[in-house]
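Visitor: Quick one: the structure is below, questions incoming.
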Amino acid sequence: MAASEARADCSEAALAEALADVPELARLLEIDPYLKPFAQDFQRRYKRFNETLNNIGENEGGIDKFSRGYESFGVHRCADGGLYCKEWAPGAEGVFLTGDFNDWNPFSYPYKKLDYGKWELYIPPKRNKSLLVPHGSKLKVVIRSKSGEILYRISPWAKYVTREGDNVNYDWIHWDPEHPYKFKHSKPKKPRGLRIYESHVGISSYEGKIASYKHFTCNVLPRIKDLGYNCIQMMAIMEHAYYASFGYQITSFFAASSRYGTPEELKELVDTAHSMGITVLLDVVHSHASKNSEDGLNMFDGTDSCYFHSGPRGNHDLWDSRLFAYSSWEVLRFLLSNIRWWVEEYGFDGFRFDGVTSMLYHHHGMGQGFSGDYHEYFGLQVDEDALIYLMLANHLIHTLYPDSITVAEDVSGMPALCSPISQGGVGFDYRLAMAIPDKWIQLLKEFKDEDWNMGNIVYTLTNRRYLEKCIAYAESHDQALVGDKTLAFWLMDAEMYTNMSVLTPFTPVIDRGIQLHKMIRLITHALGGEGYLNFMGNEFGHPEWLDFPRKGNNESYHYARRQFHLTDDDLLRYKFLNNFDRDMNKLEERCGWLSAPQAHVSEKHEANKIIAFERAGLLFIFNFHPSKSYTDYRVGTTLPGKFKIVLDTDAAEYGGHQRLDHNTDFFSEDFKHNERPYSLLVYIPSRVGLILQNVDMPN
């Protein structure tokens, strides 16, 4: 037998074996036949996932029990009034509990050493049955390292930490309120089309200070509801000692950030959102952890390992942070329990996983361009320990909470990231379409309006994997950060300070900026994915940028706020952008284009700067030409009958020029155009996006 034939037989046998091991791999390969050469990679990943899941079942009684680590680890009041404490500190020689309750005697309450690096302590109740460790009192875990060093640590399972006055480090506060918050409202149903309002509690006030959970609940939630968003993505909730890290350098994984208020106030925020029919996602950071040791996970047991890889593999050079050892049994327990905690304790409806690209690859995405060659997503560069953890996390979430939502922040475009685990995928519901905001910034920075390439815009907005859902966005918090600009600031820059009053005539810059701001958002919303995301304030063209207080800006809060009052001022043009964003979202709620199949693009005309497509029974038309309007422009459609304009960026209430008459009826003819069986003639002014609906068809 020739060598090539032998290889082919071997390859066919390997494929058959992979198809036998992975229940629905055949479906994945049917969707994307180019993945066939990597069938063994999917097989290996799935088998490792299954083996880990089975091991959890055999040794821990199943993932349900395994993910409840927070019920035993940390510090807990027992029914008899005593205290049960448990920690994992494999590198420690001794572990002790100290705090206000024992006048900070470091060694009076030693833990007992158990197997596998675990330690436990039971403190009997007081004779008078009073609380041994009262709510609000301070605690520390004392670690005696192998070198004899005495270390004061915060438990990795601490539920509340706070910083007093000018203290550098956080204190661990025992959180055990007499009357914990009781949820009053049921969770909303899983949205069919996800419209996400990316939110940060601390910057949600126009005042130069850190805003509170209460402020957000009372003042921002009603705005979000009015704008038509059905989901909030909460950033910077997991406790982080450094405010300017934007919540991405986590120090206490089970603690809700105390800088905004108490855990009970966060629960009230989530509950109130649910009462409004709003789903709430947590921005979860399991890709890395802060290097802080006094008030973080780092060096918890006196070693550089414990929760992290030892040596260089345990450090992220770009982020200056620690990297988890995802194959460690207790790290898996910690992270899976952390996910469970935020759902069970706070009522979150799902997660946006941050830094997934960094997790998936040993190179962490640093210095990688990701051309789309499938070999980039398989092989030794993939960190399969982290990938298996993500599969387990998605399995946990979707098994125990079927209506929960998971979103991956991945820039690499890894195939099957959002495919079911049964197909060999990682199991996420959505991925962020991260190329879209980069495209808009590139166009605004590098090209004149008349040089915008319509085909390239359409390609960027539609270039996504079949049946793997994407969250589209024109800009997120990344584009608002200092060093970059929001779309509004790229478009209008310094004129936003002087020419946003309705009492002054439109300048060319402001006119262009307001019209393109709406068009960019509408085409991204309608064509770019199966979900849509907006960062708070950007919907109305928030001026300036975002910068947290730090040494480099003299600890100023001037740019760490959201000026919502600008939209409430009838004399300012911000209200027009706000009105448009609201009506765009509410039309999507009515028509459901995000949950409809991907759009059919019938036209992308370079000279005319026209893009036309159909989705969810609607006809979308965009004229990006800076000066040319078109009378009786023929546009193709699949539908016969009468059409009406249902949304128009040029309407007066959106700061437009009111060049379109919404009373006009448009009738499609039996005239084939651009491969569509029918067509209609439309007046399309310059710099306008409009949506036509067939009124003869049922909604």
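We number each residue from 1, going along the chain as drawn.
Here the Cβ of each residue, glycine as well, is placed from N, Cα and C on the backbone.
Okay, so TrEMBL annotates it like this:
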DOMAIN    200-565  domain 'Glycosyl hydrolase family 13 catalytic'
ACT_SITE  Asp354  active site, nucleophile
ACT_SITE  Glu409  active site, proton donor
Visitor: I need the least crowded one of these active-site residues (Asp354, Glu409), counting other C-beta atoms within 10 angstroms of each C-beta.
Guide: Glu409
Visitor: Any idea what the Cα distance is from Asp354 (active site, nucleophile) over to Glu409 (active site, proton donor), rounded to a whole Å?
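Guide: That separation, Cα to Cα, works out to 5 Å.
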Visitor: I'm checking region-level scores; what's the whole-number mean pLDDT for the domain 'Glycosyl hydrolase family 13 catalytic' (200-565)?
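Guide: Mean pLDDT for the domain 'Glycosyl hydrolase family 13 catalytic' (200-565): 96.
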